[in-house]
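Copied over from Swiss-Prot:
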| type | residues | note |
| --- | --- | --- |
| SIGNAL | 1-29 | signal peptide |
| DISULFID | Cys40-Cys192 | disulfide bond |
| CARBOHYD | Asn59 | N-linked glycosylation site |
| CARBOHYD | Asn129 | N-linked glycosylation site |
Amino acid sequence: MGGEKAFSFIFLLFLCFFLANLSASSAHPPRQKLKQRIPCKQLVLYFHDVVYNGHNKANATASIVGAPQGADLVKLAGENHFGNVVVFDDPITLDNNFHSPPVGRAQGLYVYDKKDTFHSWLSFSFTLNTTMHQGTLIFMGADPILIKNRDITVVGGTGDFFMARGIATIATDSYEGEVYFRLKVDIKLYECW
């Protein structure tokens, strides 16, 4: 009888060890190296945002359309602008010069959505109308403004960019108080039709 108990114990121990290994190996399959994808199209563009401040109506390309209670629609609210909604119709250029000929328009909105730091949520389109590119690209995503380079998604497009998808790396290229900023937008499309 003692031999049977020892055999049963060893068999159960072996079975538990085997099942534990089987479970662990199926829960964590071996990692495969991700295939490095090459963009099918890449563009670098700049858009220039001039926020209306009550004194620059002729040059303003953006306006505050929503503000927290007690704030006005001329000046951005509070320390981190939490609750402000800004719509824009900004020129897009091929270089960082505000006075360069525009190749299109950036149109959409951004919402300052964090109380404790500069952070916004973006939803906008680039409408391009040049000999090189005709069509639109649609962008959406969170923008942690204080980070130098941040990624937002390209969720679609029309014309030359029909059903395009990819990533846009944005960086604040210039910033002049609460009135003007320029974003460098490095667009990498991974789905092109």
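Yeah, the Cβs are placed from backbone N, Cα and C, and that goes for glycine too.
Positions of the features from Swiss-Prot, shown on the structure.
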residue : record                      : DSSP (3 states)
Cys40   : disulfide bond              : coil
Asn59   : N-linked glycosylation site : coil
Asn129  : N-linked glycosylation site : strand
Cys192  : disulfide bond              : coil
Candidate nearest Asn59 (N-linked glycosylation site) in space, where candidates are the recorded positions Cys40, Asn129, Cys192 and distance is Cα-Cα: Asn129
Asn129 (N-linked glycosylation site) and Cys40 (disulfide bond), Cα-Cα, nearest whole angstrom: 20
Residues that sit under 8 angstroms from Cys192 (disulfide bond) by C-beta distance, when 6+ apart in the chain: Cys40, Lys41, Phe161, Ala164
CB contacts for Asn59 (N-linked glycosylation site) [other CB atoms within 10 A, all chains]: 11
